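Everything on this sheet refers to the single structure shown next.
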There are 2 protein chains.
Amino acid sequence: MFSSEIPDCNPTVSPRLYHICMAPVSVSTCQVLLIRSLARSPANFLEEEGNRGLVAAVFGILFSSLCVLVLDRDPLPLIAHSSQSSRGKAKYWKILALLYYPAFYYPLIACATVRHRVSYLVGCLLSWCHCVVHIWQKVDCPQSPKIYRYYSTLSYIPIILCLVLLSLWYPALLIRSFTGNSSSRSTEKPLPAIHPCRISLGKSQLMFDTPPLPVPVLSLGCLLWLLGWVDLQPAPAFPRDPVSQLLPDTPLPFCLTGFRIPLKLVLSITTAVLAVYQVALLLLVAVVPTIQIVRAGMTKDIVILLVQFGLVPSESPAVPGDMEKELNTVKYYLWSLEVCYICSLVLCCLLTCAMLLRTLVMHRNNLKALYQGAVLDVFYKAHILRPSRQAIVCWMSFAAFQTAFACLGLLIQQVIFFICSVGFTFLFIIPLQSGTNTYLFKIFQNMWPFWLTLVVAVIVQNLAAHYQFLEQHPLRKELTNRRALYIVTYLLFPINVLVGVLAGVWRMVISGLYNAVHFSQLDISLLNRSVETFDPGYHTYCHYLKIEVSQSHPVMKAFCLLLLQLARPEGPPGLRASNVEEGIQLMQPKKAPPSRTRFKQSRARWWLAYTLLNNPSLTACRKTALSDPTANGTQLSSPKP
Amino acid sequence: MFSSEIPDCNPTVSPRLYHICMAPVSVSTCQVLLIRSLARSPANFLEEEGNRGLVAAVFGILFSSLCVLVLDRDPLPLIAHSSQSSRGKAKYWKILALLYYPAFYYPLIACATVRHRVSYLVGCLLSWCHCVVHIWQKVDCPQSPKIYRYYSTLSYIPIILCLVLLSLWYPALLIRSFTGNSSSRSTEKPLPAIHPCRISLGKSQLMFDTPPLPVPVLSLGCLLWLLGWVDLQPAPAFPRDPVSQLLPDTPLPFCLTGFRIPLKLVLSITTAVLAVYQVALLLLVAVVPTIQIVRAGMTKDIVILLVQFGLVPSESPAVPGDMEKELNTVKYYLWSLEVCYICSLVLCCLLTCAMLLRTLVMHRNNLKALYQGAVLDVFYKAHILRPSRQAIVCWMSFAAFQTAFACLGLLIQQVIFFICSVGFTFLFIIPLQSGTNTYLFKIFQNMWPFWLTLVVAVIVQNLAAHYQFLEQHPLRKELTNRRALYIVTYLLFPINVLVGVLAGVWRMVISGLYNAVHFSQLDISLLNRSVETFDPGYHTYCHYLKIEVSQSHPVMKAFCLLLLQLARPEGPPGLRASNVEEGIQLMQPKKAPPSRTRFKQSRARWWLAYTLLNNPSLTACRKTALSDPTANGTQLSSPKP
C-alpha cells in the first residue's frame, strides 16, 4: 500500500562495489598488521585500556550490522546476485555473513591496538572511507521498501554514528602520537593528577583517589545519584577541581568512583543499548505506520461491521447512511491504540536502560566485594574463583548474551505493557470520558460489598492482633488471648480464603512483572535462590564474574606492573600506574594521610613483598613472623616498611 | 441443551428445613458448651493434640461449603426465598453466609475439644444428623441443572466423606471414654511404647524415638522416600515391630520421624487437597461435557465452514456433499483436544499434590533448623523469632492462603499445560500421523543449517576453552592463549547473540514454568532473593514460621509440662509426655544409649535446670560454672546429673 510509492533507487556506490573494494583492503590490512608485528599484537584489543570507546564503537557497528543482516534479503553483498539466488542459498549466505562482518570490520580495532603511527594513519583512512561510503549511500537512497520507507536509514544510524566516532578518534590518536611528550612507542596518556575524592560504597567504605571525570560521566553519576544507587560524598576540604570549575552549579567536586568498569561490561552495555534502539525502532515502524494507514483508510462500511460485532457503541445501528459519529469513535479508538503503543514502548526503553545502568552499579559492587573476598555477599553459596572451561565459555558469550537478553526483555515488556495500557485505556479512561462500555465500573459497583467485607476482615484481624492477641511487654511481645485467636481464625477462615485468592493474584502479577522488568539484567536470577543457577543468564554472569575477578584483581595487576617496572626500570610508568593506585587502595581500607607520601610508602611495601617473594628465607627473620608462627611470606596486608 | 433434560427435584429434607432445624441446635449446643464449661474450654481446638483428624475434617467441611456457596444461587438456605430475592440482595446473603457456615459447623469441633462424655455424645448425634441429611438429600436428588448434572453431587462428596469421618470418630471417642483405664476426665490415649527408630535429617542428624506409625503414614513415607525427599534409615538391631508384622514385605521396621507436624499445617494441607479436588472437578465438568456435546453435534455444514477457514485440511474443498472424511477429522481433532485437556488436568493435580507433600517436608526441615537456632539455613537474612502483629495476622490466614494458592496454582498450571499439550499434539503428533499441517517440520527443515551453525559454534567454543584457553596445571587451572581468546570472542560475537536469543527464550520458559509449578508452595519465594519477602505467599509463610517456632518449641513445651507436673504431681502424664521426649531429643544431638535410663536421666536434667532457674545463686557453686567463667544457669545442654 505504501511501498509501491517508493521509487527504485541505486546508490552511486552500490553495496556490492563497496564490499568488493573494502574486503580486500581489510584483509590486506590485517595481514600487514599481523606480519609486521609493530609495537603490539593487534589481538590485544580486549585488554585495551586506552581506547575503550573505540572498541565499543566497533562492537556497536558489528551488532548493528547483525540487525540489518537478519532482516535483509541481500545478506552478503560481496557475492554477485546473492539476493537473486534462491531462498535456499540465501540462508547459507546469511550464515556465512555472520562470520564475514566481524572479519570485515576487524582492521578498525586492530589499527588502534598495535599503537603505531602508521597503523593510526591506516585506521584514519579506513574509518573515513567506511564512514563516507555509508553516509553517501544513505543520502543517495534514504528510502527503501523494507518494512517502512525510512526503516533502513534509521537502522543504519548507529553504524554511521559509530563510524563518525572512529573517524574522529583515529585522527586524534594520530595527532597525539606526534605531539606526545614521550617516545613514539608510548602514546599513552600521562597519569592524571590525583584528587582526593571520596565515595562510600555500601559496607566496604573504601577510599578512592580518582582523576576528575568528564562531563558525560558526571551526568551519569548525577542520574545514578538521583536514582539512589550510589552515595556521593563530596571531599570537603579540597579546592574546586577543573570539572567543577566548568560546571559552576556543581556545589562541590565529587566523583563517582575510581573504579574502572571492565571493558567487556562496557562492550555489553554499549551493544545492549544499541539493541534497545534497534528493537524499539523495529517495533515502532512495524506497527505505528500500519495503524495510521488503517485509521486514514477507515470507511463507513467497516464501521457498520464493527458496530454489528458490538465492538463500537452506537445509538443508531440500523441507519448505515449516518455513521459520522461512529466513524469518529473508531478513529479515536485507533488513535488511542497508537498512543498506548508508543507510550508503552517509551516506558519499556526507559526501563530497560535503567536496568542496564543498574547492572553497571551492581557489577561494581559485586566486583568490589569479590576483590575483598566477600564471596557470600555476591553468591548465595561459596564459589571458587578460578578459570574453568565453563567460565571461559561464559566469558566469551557474556556481551552477546547481555545484548540478546536486552532485545528479548524489551519485546516481553512491550507485550505486557501494551496489553496493560490498552486495558487501562479501554476499561477505565474511555468509559470515564464517554460514559459507554462501563463494564469495569459495573463490576465494581456490583461487587463493592464483597470488597468491603474483605477489607474490613483484614483490618479487623490486624486490629485484633495488635490490641487483643499481642501482650505488649516492655521488653518482649508475647501472644495472649489464645482462645479468642483460635475462634477468630476459625470464623474468618472462609473470608481469608477469598483474601488469599486476591493475594495469589497479586503474587502472580508481581512475579510476572518483576521477571519481565528484570529480564534484561543478567546479574540477578529469575528463579528461587535454591535453584538460581539454572537461570541461563545468571549462570553466565556468575561465571563471567569468576573470570573477571581471577584475571583482573587490581592488587594482582599492580603487583605484576611493579615486577615489570623492576625488570625494565626505563619503561613507561604512564597509564598502568593507575593499576598500582587501585591495588594499593584496595589493600588499605583504613583512612590514610592523603599525601604523596602514601604512594611512596605503598611502593616501598610492594618492593618489600617482592623481595620476600624472591627470598623466602628472609621471611623467618621478620618481626611479625617471629611473633606469629603461622604467618609466612604472603602476609602482604601488614608488612612493616 | 442438556440442563433441560433434568427433572425438577425437591429432596425430602429440603436445605431450608435442614438449616432451620440444625441452626438452633448448633447455637444452643455452643451456648451449653460455653456456659457449662465442662472439662476444657471448647475454644482450644487449634492446640488440640489428640483429635487432629477431626479438626481437619471440620475445616474440610467448611472449605467445601465455601466452594458450594461461591457458585450457588441460594447461598443461605436458612432465609426464606433467598434465591428468589433480587440479585442485589443475594450478594448480601452470600457475604453473610461466609460467617454463617463456620458458626453452623462449630459444635462439631467444640464437642471434641471439651473432652467430656456428654459432649462426645452430643457430637455423635450432631455428626450423624448432618451426615444422614446430606446423604439423604443427594440420594433423593443426585442431578441438578448447575453446570453439569452430577456436579452438585460430586462437589458434595468431600463434605459427606468428612461427615462420615466425624460420625465414626465421635462414637470411637465415646467408647474410649467408657473403656479408658483412667478417670473420665482423662480420655487421652496412653503414651505409645517408644521404639528406637532412626532417621537422618539432612545436616542435623538428630535421633528420634518414635511410636510405630499407622499404615497410611507409612505409605506416605514410602512415597516421600521414592521421591528422594527423606532418607530412611532402618534401625538394624531391633525386632520387627507391630506395623512391619502387618506388612510382611517391609524388610525392616522404619519410620518417617517422631516429628509432629503442626496442626495448622495439617489443616492447610487438608484444605489445599480439597481445593485441588474442587477446582479440578469444576475444570473437568465445565469443559469436557461441552466438548463431547459439540463433538456429537458436529454437522457437515460446520465442517464446510471450518474447511473454508483453513482450520481443517481437505482434499476436495469444493464438494459439500462428500465431507465424511473431513467430518471424521474434525471429530478426531475434538477428541484430541479432550484428551489433552484431561491429561493436562491429571498432570496438574499430581504436580500440585506433590508440591503440597514437598511443603510438608520443607516445613519439617525448616522447623527443625529453626528449633536448633539455624535461622540463616531457612531465611536469607537474620530474623527475630517472636510474635508481632504481622506474624499473628499471617498465622491466622496461613491455612486459608495455602488453600487459595492451591486453587490458583492449579488453574494457572492447567492453562499452561493445556496450551503446551495442544501445541505439542497439533504441531507434532497429528502431523506425524497424518502428514498434513507440517508447519513445524517445514520450519525445522528450512532452518537446520542455522541450528547446526549455533550448535557447532557452542561446541567449538567449549572445545577451544578446554583445550586451548585453559592451561591444565596439576594444582590450578589458568587462562592462556589470551590473544586467540580475544579474536575468537570477537569473531563469534554475532553468532553468540543468536545463541543468546535462544538462551533468553529458555530463561523465559524456565522461569515461567518454575513459577507456575511452585505457585502453590508458600515456603518458597517466586521473586529474587533480594526482594523475596515482597511475595505475599512467602511473606505469610515466614511470619507463620515465626509464630510456630516461638510458640511451640519442643524444649519449651517439655519444660512447661515438667513445671505443670511439679505443680500437680497427681496430674495425667499421658499424651503430653511426648513433648518431653521431643524436647529431650532436640537437646541431645549425640548418640545416646537407647534404653529407658535415658528418659530418666533426661528428666533428672530437667529437674536440675528447674532447680537452678529457681535458685540462681546455686549456679555459681556448680562444677562447670567454676571451670568456665562465662557459663551461667541457662547451660541446659551439658549439666551434670
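Placed from the backbone N, Cα and C atoms, the Cβ positions cover glycine too.
Annotations in TrEMBL come from automatic prediction, not curation.
Same-chain residues lying 6+ beyond the ends of the transmembrane segment (A:17-39) with a Cβ under 8 Å from its Cβ atoms: 77-78, 103-107, 110-111, 114-116, 118-119, 122, 126, 129-130, 133, 137, 185. Under the heading transmembrane segment, TrEMBL lists A:17-39 (among others).
Tertiary neighbourhood of the transmembrane segment (A:51-71): same-chain residues 45, 94, 97-98, 101-102, 105, 108-109, 112-113, 146-147, 152, 155-156, 158-159, 162-163, 165-166, 169, 173, 263, 266-267, 270-271, 274-275, 278, 282, 399, 403, selected by CB-CB distance under 8 Å and a gap of 6+ residues from either end. According to TrEMBL, the transmembrane segment annotation covers A:51-71 (among others).
Positions annotated as transmembrane segment by TrEMBL: A:91-111 (among others). Cβ atoms under 8 Å from those of the transmembrane segment (A:91-111) belong to residues 19, 22-23, 25-27, 29-30, 33, 42-43, 45, 54-55, 58, 61-62, 65-66, 69-70, 75-76, 78-79, 82, 85, 119-120, 122-123, 126-127, 130, 166, 170 of the same chain, restricted to positions at least 6 beyond its ends.
Away from its own ends, the transmembrane segment (A:118-136) comes close to residues 11-13, 18, 22, 25-26, 29, 33, 38, 107-108, 110-112, 156, 159-160, 163-164, 166-167, 169-171, 173-174, 177 of its chain (Cβ-Cβ under 8 Å, at least six residues beyond either end). What TrEMBL records for A:118-136 (among others) is transmembrane segment.
Beyond the transmembrane segment (A:156-175), the same-chain residues lying 6 or more positions past its ends with a Cβ under 8 Å from any Cβ of the stretch are 51, 53-54, 57-58, 60-61, 64-65, 68, 108, 111-112, 117, 120-121, 123-124, 127-128, 130-131, 134-135, 138, 187, 274, 277-278. If you look up TrEMBL, you'll see A:156-175 (among others) marked as transmembrane segment.
The annotation transmembrane segment is assigned in TrEMBL to A:265-286 (among others). Residues 52, 55-57, 59-60, 62-64, 67, 71, 147-148, 150-151, 154-155, 158, 342, 345, 348-349, 352-353, 356, 359-360, 363, 398-400, 402-407, 410-411, 414, 520 of the same chain lie 6 or more positions beyond the ends of the transmembrane segment (A:265-286) yet place their CB under 8 Å from a CB of it.
Same-chain neighbours of the transmembrane segment (A:332-357): 220, 223-224, 227, 229, 269, 272-273, 276, 280, 283-284, 287-288, 291-292, 294-295, 298, 312, 406, 409-410, 413-414, 417-418, 420-422, 425-426, 430, 517-518, 520-521, counting only residues six or more beyond its ends whose CB sits under 8 Å from a CB of the stretch. The feature transmembrane segment is assigned by TrEMBL to A:332-357 (among others).
The list of residues near the transmembrane segment (A:405-428) in space but at least 6 beyond its ends in sequence, with Cβ under 8 angstroms from a Cβ of it, reads 272-273, 275-276, 278-280, 283, 333, 336-337, 339-341, 343-345, 347-349, 351-352, 355-356, 437, 439-440, 512-513, 516-517, 519-520, 522, 537. Summarising the annotation, TrEMBL assigns transmembrane segment to A:405-428 (among others).
According to TrEMBL, the feature transmembrane segment maps to A:448-465 (among others). Long-range contacts of the transmembrane segment (A:448-465) within the same chain: residues 484, 488, 492, 495-496, 498-499, 502, each at least 6 residues beyond the stretch ends and with a Cβ under 8 Å from a Cβ of the stretch.
When Cβ-Cβ distances below 8 Å are used as the criterion, the transmembrane segment (A:485-506) is approached by residues 450, 453-454, 457-458, 460-461, 464, 468-469, 479 of the same chain, each at least six residues removed from its ends. The transmembrane segment annotation in TrEMBL covers A:485-506 (among others).
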